[in-house]
Amino acid sequence: MSQRPLPDHGTRACYLRGCRRTECSTAHYRYMKRRRLDALAGKPRRTPAVQTRAHAERLRAAGWSQAQIARAADIHHRIISAIIAGQPTVARHTALAILTISIGPPPADLRDTDPTGTIRRVRALVAIGWPLAQLAPQLGLHQSALGRLARGHHPMVRAATAERVAREYRRLARIPGPSTHARSIARRNGWLSPMAWDDIDDPDTQPETDMQSGPLNRNQQGAARREEIVHLVEFGISEGEIAARLGMAPAYVHDLIHSLRKAA
């Protein structure tokens, strides 16, 4: 069973899940301030849900999913589910957030799309040494959410997320990452580098690889290390940095590069 996706940064829901980034804390404090002001003014916190439910149903008829309505209103999707299921009252600020969504097709940044290209891009960046922990902040995602995406746990992905991943992929696909551990994870999971894909977005495209399934034997591991060293040398990485990245002795790396150059 797939896990519930983590809320976006910049929302109170994200704060309540334990995130203390500035934008999440700000969203929480803004909510609490509104709540205190309402209490002082004697304004009711809840209102009948009839009008809100009718508006949500009109949005659904226009092509919105419950998750898209929730994202646009900056609330949890379970709140939308409860309202549509017949919950009698709704928080006043929640009703306002839903009622201000214009009827019509959902905007492009809220639409869901096929995740194939996005998954392949994330895996390819890990395969060349970019760890999820380093990629996630650049993509505005939790590391755990990015990990679930990379493992293929989501049948769809937000169009905005797909675009952010594509943009980061264009920036990093030709730059070797710093993590040997990330490369090991990719190798263990069969994740392929950018070079393997002719059309990375086409679900029917087969990767160009002779990679065998199952764990690598000693000879294969040695060949993989040599290929990785050649790859780093081609990008102008110094011998000392290569040794540090791969966890090898500098003298061993020097001798291996020397022998590879002689054999070339």
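Glycine too: its Cβ is placed from the backbone N, Cα and C atoms.
Listed in TrEMBL for this protein:
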- 53-110: domain 'HTH cro/C1-type' (DOMAIN)
- 118-175: domain 'HTH cro/C1-type' (DOMAIN)
- 196-223: region 'Disordered' (REGION)
- 198-207: compositional bias 'Acidic residues' (COMPBIAS)
- 208-222: compositional bias 'Polar residues' (COMPBIAS)
Confidence summary (mean pLDDT) of the domain 'HTH cro/C1-type' (53-110): 89
The domain 'HTH cro/C1-type' (53-110): DSSP-derived helix, strand, coil residue counts: 36 helix, 3 strand, 19 coil
